[in-house]
């Protein structure tokens, strides 16, 4: 939640410092937050270090990286976004095994410390980003034609009025409320993504407990998540090539919407049963649609809004989706507790 709510603040940093400096700052925050988690003594302290500080670091690293990618690539933007999203699939496939290994060998404190050192590599990733060319502004006029009396009256205006105007201008610039109100396509897209996040990550949270609750071996249940990650890794590069073809220009939104519909309907496969073959088919279907959604989400957003407004549009979207992303898993857990483990509503 802290990472998503920091989206508008991140767009301000991108505008003032640039993408490179913001990503480096995010790497420092995420690394220090994760390392500091190894020295905590309570859940409250862990919320602050691993939740707030590390979450802010993730936001400051992720959002500028997506933004600068849209500036680097224009003709091959769909290909670049799809290929970059492969890193998410790689992490989904490897991090469960890495986390289990680190916890077994070094304990939870040592695991946090090592992961903090790994996250500091985000600073290296930010350092290799080529800064964007700054826009050239015209200089101030050499001769000031403003009469002294008017200049004096302008300086005597109330500070409260100036501050209020500044706040309103900042909100309009960095919160993309103008896009939400005036850009119908962005409004529909933002609301749709917000409701999508209500259940998009729920299978990632409850798939293994769902499988083990139906007498599946823990090793087989963990293998399902690995297969989901492998499907994403294998499928996203070919999809990147396909979506970069000229025929898909202007049609990314239709492929994205179809994949999102298929992703939601694929959850009904769990109604058939909870055996390994059934859940394997579910993971493959879910992974395929998840790959398309992850590959095209930011490409569609770049097609909807201008790149000059993309950081603020992404920041507002991050705030909106973080709310449903926060309440989604607990809501699914409440439904599961009401219908019982043997019900068909866990996912």
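Going from the start of the chain as shown, residues are counted 1 onward.
Cβ coordinates are placed from backbone N, Cα and C, and glycine is handled just like the others.
TrEMBL does not curate its annotations; it predicts them automatically.
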Matching 153-172, 313-332 to TrEMBL annotations, transmembrane segment lands on 313-332
Positions whose Cβ lies under 8 angstroms from the transmembrane segment (313-332), at least six residues beyond its ends: 1, 3-11, 59, 63, 66-67, 174-177, 179-180, 186, 190-191, 193-202, 205-206, 298, 301, 304-305, 346-347
Answer key: the stretch among 46-66, 78-98, 253-276 with most Cβ pairs under 8 A to the transmembrane segment (21-40) is 46-66
Compare 78-98, 110-129, 186-209, 282-301 by their Cβ pairs under 8 Å to the transmembrane segment (46-66) and return the stretch that comes out on top. 110-129
